Amino acid sequence: MLKDTIAAIATPAGTGGIGIVRISGSEAASILNLLFKSSHSVTLFKPRYLYHGDLSDPQTGQVIDEVLVSLMKAPRSYTGEDTLEIYCHGGILVLESVLLAVLRSGARLADPGEFTRRAFLNDRIDLTQAEAVGDVIMARTSKGLEAAVSHLKGQLKQKIDSLRDELIDVQVLLESAIDFTEDVEFPSPSEVLSKLERLSSDLEALLSTYDQGKVYRHGATVVIAGKPNTGKSSLLNCLLQEKRAIVTPVPGTTRDFIEEAISIQGVSVRMIDTAGIHPTDDLIECEGIRMVWEKLATADGVILLLDGSKDLTDEDRKILKRLQGYNLLPVINKADLDHSLKEEDIIACFPGTDPLWVSAKFGEGIAVLKEKIYDLVLEKAGEQDGDVLINSLRHKMALEKTRQQVSQALASLQEGLSQEFAALDIREALEALGEIAGETVTEDILDRIFSSFCIGK
């Protein structure tokens, strides 16, 4: 329903100095003339100018607030339609009253993300940029914001366009040979195969950025695990620089998970303090320990916390053996006490690791630990040096489908099958790739994407 006019409050709920009501559609200018009276008796409003005056209720004529207004004419607006923004005082009642006046004047309440959806449908932005709008709003760390702004500026779209151009080049070569076999000299098979192999490599390189992009967008989860009384809760408090977990000398104080996010070098890392792992007949403790192993199985990284003031026991060695194969960082706590634990025993269990000594009590080694946590989660994600990352499962699935079709085209040509089979694969690859920027996307996918937006954006 792009022909109707929509409106919504565009600023967050709550009180503030300024609030914004946004209107988009063909009736935006009419609504402005109906509700607004300029303090300088202006009746013809120039686009992109700010005007000061009173905004009144259309039914009673009562002044609602003293406001500023700005009209932006299609197509040079965010949505590509006539757009009106009303800047009023940021009180809840004021904003609701202004919005109600606008709705009474012919607009309807916008759906979540409908302004950005209209921007996409009116070719102001592509779908990767539309998704990036939501990511910019929801970004909680500098890396997440950096990745979102990259997409908003069109860098992912440029990469997708480049891949699309390469696919079209191959498609032209194949289909020309099919349609004009007598008039067109078909390029050597090695030339087409070379182009397809390069395409496959480029697609693989972009796909390999997904894990890193996902960490930047959603953050990572790191579980602190170990025996009771190794200082897991103290370490969590030290990393957070606040007393979040209860710390006592009594082993087994922590039974439930305690989770809190911290920002490490621009990446959001959710730290999880867990119950101590040890043999027990206590049913509650047994259930807590079972849940610890479930958390460990889904974590992006594990901090194995050991007590440096004690030698390894047989019980310790059983836990260490079970943790082999995890993305793990051995950390030895209580560096402020006499060292009894031997590093070589830890390295023997986890070859290639470099155990880090810390003192959660005095903060010793915590700065280095944060650096190692960053390396731990980014190393698993496969940190990339390129400028463009994908961070959406939707993008990943579309790229995987594209790569699959390119691989099938390669196989067809290598097996000496008709060029028509390869041409069909390339057409399907183009369709899959077009889903990313929205060229071949369905209404269901659009509904799913924009339903996660806030109203007013």
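Every residue gets a Cβ built from N, Cα and C, even glycine.
Pulled from Swiss-Prot:
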type	residues	note
BINDING	Arg22, Glu85, Arg124, Lys457	(6S)-5-formyl-5,6,7,8-tetrahydrofolate binding site
BINDING	229-234, 248-254, 273-276, 333-336	GTP binding site
BINDING	Asn229, Thr248, Val250, Thr253	K(+) binding site
BINDING	Ser233, Thr254	Mg(2+) binding site
DOMAIN	219-378	domain 'TrmE-type G'
If you measure between the CA atoms of Lys334 (GTP binding site) and Glu85 ((6S)-5-formyl-5,6,7,8-tetrahydrofolate binding site) and round to the nearest Å, you get 59
Neighbour count (Cβ, 10 Å) for Lys232 (GTP binding site):
29
So what's the average pLDDT for the domain 'TrmE-type G' (219-378)?
88
Shortest C-alpha distance to Asn229 (GTP binding site) - which of the binding-site residues Arg22, Glu85, Arg124, Lys457:
Lys457
I need the neighbours of the (6S)-5-formyl-5,6,7,8-tetrahydrofolate site defined by Arg22, Glu85, Arg124, Lys457. Which other residues of that chain put their C-beta within 8 angstroms of the C-beta centroid, in sequence order?
Ala10, Ser24, Ser77, Tyr78, Thr79, Thr83, Phe115, Thr116, Ala119, Gly456
Near the Cβ of Glu85 ((6S)-5-formyl-5,6,7,8-tetrahydrofolate binding site), how many other Cβ atoms are there if near means within 10 Å?
20
Three-class DSSP secondary structure - Ala275 (GTP binding site)
coil
Most distant Cα pair in Å, residues Arg22, Glu85, Arg124, Lys457 binding (6S)-5-formyl-5,6,7,8-tetrahydrofolate
18
Fewest other C-beta atoms within 10 angstroms, as judged across Arg22, Arg124, Lys334, Lys457, which are the binding-site residues
Arg124
Around Ala275 (GTP binding site), how many other CB atoms lie within 10 A of its CB?
24
Using other CB atoms within 10 angstroms as the count, which residue among the binding-site residues Asn229, Ser233 scores least?
Asn229
For Lys232 (GTP binding site) and Lys457 ((6S)-5-formyl-5,6,7,8-tetrahydrofolate binding site), the CA-to-CA distance in whole Å is 42
